[in-house]
Each structure stands twice: as C-alpha cells, then as structure tokens.
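Taken verbatim from TrEMBL:
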{"type": "BINDING", "residues": "B:GLY10, B:PRO11, B:VAL12, B:GLY13, B:SER14, B:GLY15, B:LYS16, B:THR17", "note": "GTP binding site"}
{"type": "DOMAIN", "residues": "B:6-176", "note": "domain 'CobW/HypB/UreG nucleotide-binding'"}
Amino acid sequence: MKDVDGPMMLETVLGLASDREWHDRLHALEHEGGLETIAIPEADAARKRMRVTTDRGRDCAIALPREQTLTDGAVLFHDGRLAIVVRIDGAARMRLKPASVDDALRLGHWCGNLHWKVVFGDGVMDVVLDGPRERYEARLVDLHELASFEILGAK
Amino acid sequence: MTAARVGIGGPVGSGKTALIEAMLGVLAETGIETAVITNDLVTDEDAERLRKGGKLAPDRVRAVQAGACPHTVIREDPTLNMAAADRLEADYPGLDLILLESGGDNLASTFSPNLVDYWIFVIDVAGGDDIPRKKGPGILQANLLVINKADLAPHVGVDFPRMLAEATEVRGGSAVLPTVCRKGEGVVEVVEHLRREVLFK
C-alpha cells in the first residue's frame, strides 16, 4: 500500500499504549481492524526519522521532534478509525560472566574498545547484538588468553 | 518539522567533502534548505573549502574541531556536534537538512543515532577493491554506502562491477550507490535516496 502523494507523516508521540486513556481506545480499534503496528529494531529506536511500513503495508515516515523518543507502545497516529503504534523489537543479547573482578575489568575494557552496547547485570554483562552472534564471539577469541570468563548460552 | 541530520563518514581522501560540494547544487535546485557542519582534527580546513565554494552562505557552514580521533565526536560523545546542529536550527528555522561531515577515519567509524537520523559512509575505488570484503562497521552499518571515484577503476586495477556486487552482498542488500563526485555523476541519485529515506520532501 503506497500513497501516491507520499508517505503518511508521523510527527509526534501522542501517548503510550499502556496508558489508561489509550488502552481502551486502542483495544476497541483493534477489534474493528483499525490498529496498525510499526516494528522497529532496538538498534534503530534512538533515531528520530525513518521511512517505515506498518504491518498492513502502509508507507509511513517518522519525523519526531528532537526531544521525543520512540519507545515500545508509542502511539504515533489516531483519528478514531485508525491508530498506528510502535513495537520495539528487542535485540538478541550475549551474556558474559567474568570469573573475578580482575577478569571483569579486562572484559569491560575489551568490550568498551569494541564500542559494544552493554547492559550490566548482577555479576554479568549482556552485550546487545546488532548483527550475527558469531561475529561477536569471534572478537572474544583472543581475550580468552588474557581473562577468564564464560559466554553463557554460547552455541 | 525539524531538519533532518545526516552524517557523512569515511576514510581520509575518499571524497566526503567532494560529495557534499556536489550535493549542495542538487539540493539547492530541489529547494531543500541545507546547512553543513564539518569536523576536522585541529583546523577548519573542510569548512573553509565549502565556504569558498560559494554554494552556501558562509554562516551556514559551521566547523567543529575534534581534537582527537574523529569518531570521538560523532559516536562516543557527540555533544559538540549536537550543540552545533541545535544552533544552526535556531539560527535558520526553515532548515530541511543538516549534513554532518566526520573527519577522515578508519573503517570502524560509525555515527551515534543520538546525533544523526541517517548516515552515509563514503569509500573510493582507489583505496582498493578489497575494502567491502573487510566488513568494517562503517561498511556494514551505514544506511547508505557510497563508492566514489568509480571512473578511476580501470586505472587502479579494480573490477568495479564486482566491487559493487561484493559491497551489496556484505551489506545484506542495503543501499550502495556509485559516484564520481568531481564530475557530479551519481550525485542526483544520492540526493533522491535521501529525499525518500529521510527528508520526505
């Protein structure tokens, strides 16, 4: 579905699907077939502008003000008959568990030099994967000689 | 609608400034209001070049000096460039596009999504046809890969169709466009691509 006049412009976040005021309205529209979703990879969620297609093939262009952020459930359009909501698709993660504090320092320094996005947990560090897991594991091969750590869930 | 922010990165000498120079004419003809931020190491060399080119009012070209590795100000801490872009938008409320040119860097160079909405990585055939096969993050992650100086291919022993095909393959089919920026070839296609993907006009 492509509008001959260009994409449907989505220029502001109206609210969140989880908010009470939006939940009921969206629920009703969903039953009437008026709810469309835009799936955005987690790695792209920080972007303010992008050309996207809804799950029903509608050609859209997101252009948010700098102070607004795309989050899971962000409502970008609603006119009573149609609503468009964002779904952020979480990226795969690779969990790393260092054996000691010394190993954790070495591991953190190494991953930092690789500019990897990480999320810290209790004694572990999750690397947010923006590409095949094998590519990330290959970068850790040489580190095994310098630090003791486990790659949890590794193939 | 705020101005789109588009990053342009790539190795030293690949043609980043030349691409901008060539794009400015096409953008003006299309009625797209543009400004540029250049990043050099410790000078304003690229900004001065664009100002002397006369295709933009001199004040629409701003310079940010990285003072260190160029990627530090487009990825690790892009604050200086974000502030410069904010100032441009405040000074020129009708802007459609701000081009942010990184200093010449290596194949690992990438832009923070907090700084730009879209980014182009520029390589050139004279740098070697093996560059796409090396799969640097700049090659893989850029929204658009431009391969410049296509006309030099026969002079440097490059099989250009193969280089294009390999670039497209390593990028999983994401956009790759050839250019000869000094002659203006392929530049209209780059601008058209930006209009569709990020300018929306």
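Cβ from N, Cα, C; glycine included.
Those TrEMBL annotations? Automatic predictions, nothing curated.
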Given a 10 Å Cβ-Cβ cut-off, pick out the one of the binding-site residues B:GLY10, B:PRO11, B:GLY13, B:GLY15 that has the most other Cβ atoms nearby.
B:GLY10
Among B:VAL12, B:SER14, B:LYS16, B:THR17, the binding-site residues in question, whose Cβ has the most other Cβ atoms within 10 Å in this structure?
B:LYS16
Cβ within 8 Å of the GTP site centroid (B:GLY10, B:PRO11, B:VAL12, B:GLY13, B:SER14, B:GLY15, B:LYS16, B:THR17 excluded): which residues?
B:ALA18, B:GLY104, B:VAL122, B:ILE123, B:ASP124, B:ASN148
In this predicted model, what is the average pLDDT of the domain 'CobW/HypB/UreG nucleotide-binding' (B:6-176)?
95
